[in-house]
Amino acid sequence: MDLVLEAADRHLLTPYVYPAGWPEGEPCRQLLSLFVITNLGALALYLFFGTLSYYFIFDHELKKHPQFLENQVSREISYAVRSLPWISVPTVALFFAEVRGYSKLYDNIEDSPYGWSGVFLSMLSFLFFTDMGIYWIHRGLHHKFFYKRFHKPHHLWKIATPFASHAFHPVDGFMQSLPYHVYPFLFPLHKVTYLGLYIFVNVWTISIHDGDYRVPRLLRHVINGSAHHTDHHLYFDYNYGQYFTLWDKIGGSYKSPTSFEGKGPHDYLRKLREKDAGTSNGVVASKKDPGESNGIVASKTE
């Protein structure tokens, strides 16, 4: 984050915002700057990529699903915008510690004992470390002691849109982001790589709420995508992972996505359309197949 702070100081804050006599390295100034930059950056990432995903990837047919709430999109955005400043408070404290030099972030490739290979290995390490951390934190937030207090608001959105991605209770949102911030205090990481990974994890969080279930067939049970996370919202006790299914399989919480088995939200909407078409043609739905005529009950009890 010091790269962003230095750029802001150089191009905006020092010449145009702060008094000339307020040194750039003064702690109070750094904290204030980090708070503003973190909030503006998080809001920009959320709204920009969330809007792109909502209009160009999210299937708006899902808004016809019975479990899609009234005014849900505006409610998701409102909840996220109100939560982000509170999430940023402890986040800024960790960014401040990075800026003050307490992390293992480094500036130059030459500072890595493994050169470029170390940079690529650290990217993989970051993904696996944070996936593990988020899995256990997320699963812990489903414990009855924490769920109603912190995590339940995020599960209001059974059929989520990309804007649900950041619609967390502040404690929930910070706790699930904590592995991202802890990693550079434990392991060496290039500063530009860290900044890129920080943007990536925000985009990924949006992507697993976008209702686009397409994953290469060979990776369907490896990558934790939108289909997996949709089932997490619908069935509660499954698919806690962030990027991969590894820890769900280790922890016994993996569930093959219903969308891959012809039983997901899109399939339910298709059956509704077929039922409506049959009814309009004077055809009565067969009583022998309750799953066809009542997809919500079938999915809930699966």
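Heads up, the Cβ atoms here are built off N, Cα and C, so glycines get one too.
TrEMBL lists 124-252 with the feature domain 'Fatty acid hydroxylase'. For the domain 'Fatty acid hydroxylase' (124-252), the DSSP counts in helix, strand and coil order read 89 helix, 4 strand, 36 coil.
Look at TrEMBL and you will find 279-302 tagged as region 'Disordered'.
Counting same-chain residues at least six beyond the ends of the transmembrane segment (31-58), those with a Cβ under 8 angstroms from any Cβ of the stretch are 1, 4-5, 8-9, 13, 73, 77, 80-81, 84-85, 87-89, 91-92, 95-96, 99, 161-163, 165-166, 199, 202-203, 206-207, 210-212. Per TrEMBL, the feature transmembrane segment maps to 31-58 (among others).
Sequence-distant neighbours of the transmembrane segment (79-97) (same chain, 6+ residues past either end, Cβ-Cβ under 8 Å): 1, 27, 30-31, 34-35, 38-39, 42-43, 46, 103, 153, 163, 165-170, 173-174, 177, 181, 185. Look at TrEMBL and you will find 79-97 (among others) tagged as transmembrane segment.
The transmembrane segment feature in TrEMBL is assigned to 117-137 (among others).
The average per-residue pLDDT of the prediction over the domain 'Fatty acid hydroxylase' (124-252) is 95, rounded to a whole number.
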